[in-house]
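Enquirer: Attaching a single structure in structure tokens format; questions to follow.
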Amino acid sequence: MELLSSSPAQLLRPNLSSRALLPPRTSIASSHPPPPRFLVMNSQSQHRPSISCASPPPGDNGFPAITTASPIESARIGEVKRETKETNVSVKINLDGHGVSDSSTGIPFLDHMLDQLASHGLFDVHVRATGDTHIDDHHTNEDVALAIGTALLKALGERKGINRFGDFTAPLDEALIHVSLDLSGRPYLGYNLEIPTQRVGTYDTQLVEHFFQSLVNTSGMTLHIRQLAGKNSHHIIEATFKAFARALRQATESDPRRGGTIPSSKGVLSRS
């Protein structure tokens with residue numbers, strides 16, 4: 001068999017005879033630019049929704065303006081001054097506070113309970129009261145509660161965007177207290193505490209029910225207080241104030257799904 005030999009130059013030389021067999025290329029003029037190498041998805045595609053990363057317009061200080069949509073108006077503060085021949089009471093409550101308590105009623109145990117209201121409700125509570133405590137604590141206890149209820153009423157305003165309802169069960173050692181409330185504008189108190197002693201320190205334990213009845217009357221809330229367990233008078237009363245504070249906090253906080261509307265099918269929550 002005879003081997004064919006070719007030089008390197010011959011191997012690299014193009015085969016003119018095979019190129020001649022190809023048809024000549026035809027150039028087609030087009031006014032459109034060539035298509036892009038990569039497919040660009042339409043921003044309206046249902047498979048890949050477009051996401052805007054544009055910054056908000058600058059504010060007065062040159063930084064992007066930040067806006068927050070809150071269904072609850074700012075500065076929900078209620079302030080009341082109540083003066084009679086028996087007592088002189090001033091109350092200021094900030095529903096959107098930080099749990100700051102500053103109370104001086106002349107009744108040490110009541111001051112301690114108002115501390116629970118502020119701390120567990122995260123309300124800022126300022127109370128000043130003087131009264132005829134040389135007789136007993138009844139008038140001061142009552143008028144402080146009346147003023148707190150009125151301050152709550154003022155702070156809530158039209159009650160737009162709030163949860164309206166609150167429910168909490170608080171334990172304190174052997175005591176267990178359940179509180180459920182509705183900022184309905186209809187005053188009612190359901191109360192079944194069984195406090196075993198007549199006094200805690202110098203405080204008459206009968207005044208606990210009278211405190212909440214007075215608060216309900218002026219605030220216009222529906223309030224139910226139930227004792228599920230408990231033997232120690234101090235524990236029962238303190239757990240009651242803690243549960244009340246937590247339930248009131250729930251009821252006054254914002255419901256973002258409500259969008260600032262009044263939480264009632266009637267469209268109004270009125271004290272009257």
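Each residue, glycine too, has its Cβ placed from N, Cα and C.
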Enquirer: Can you pick which of His112, His126, His178 Swiss-Prot lists for the same Mn(2+) 1 site as His139, His234, Glu238?
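Expert: Answer per Swiss-Prot: His112.
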Enquirer: For the Mn(2+) 2 site that Swiss-Prot assigns to His138, Glu142, His235, which of the candidates His120, His210 is also assigned?
Expert: His210
Enquirer: Expressed to the nearest Å, what is the distance separating Glu142 (Mn(2+) 2 binding site) and Glu238 (Mn(2+) 1 binding site) at their Cα atoms?
Expert: 18
Enquirer: Write down the Cα-Cα distance for His210 (Mn(2+) 2 binding site) and His234 (Mn(2+) 1 binding site), rounded and given in Å.
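Expert: Between the Cα atoms of His234 (Mn(2+) 1 binding site) and His210 (Mn(2+) 2 binding site), the distance comes to 17 Å.
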Enquirer: Quick check for the class: what is the C-alpha distance, in angstrom and rounded, between His112 (Mn(2+) 1 binding site) and His210 (Mn(2+) 2 binding site)?
Expert: 17
Enquirer: Where His138 (Mn(2+) 2 binding site) and Glu238 (Mn(2+) 1 binding site) are concerned, what is their Cα separation in Å, rounded?
Expert: 19
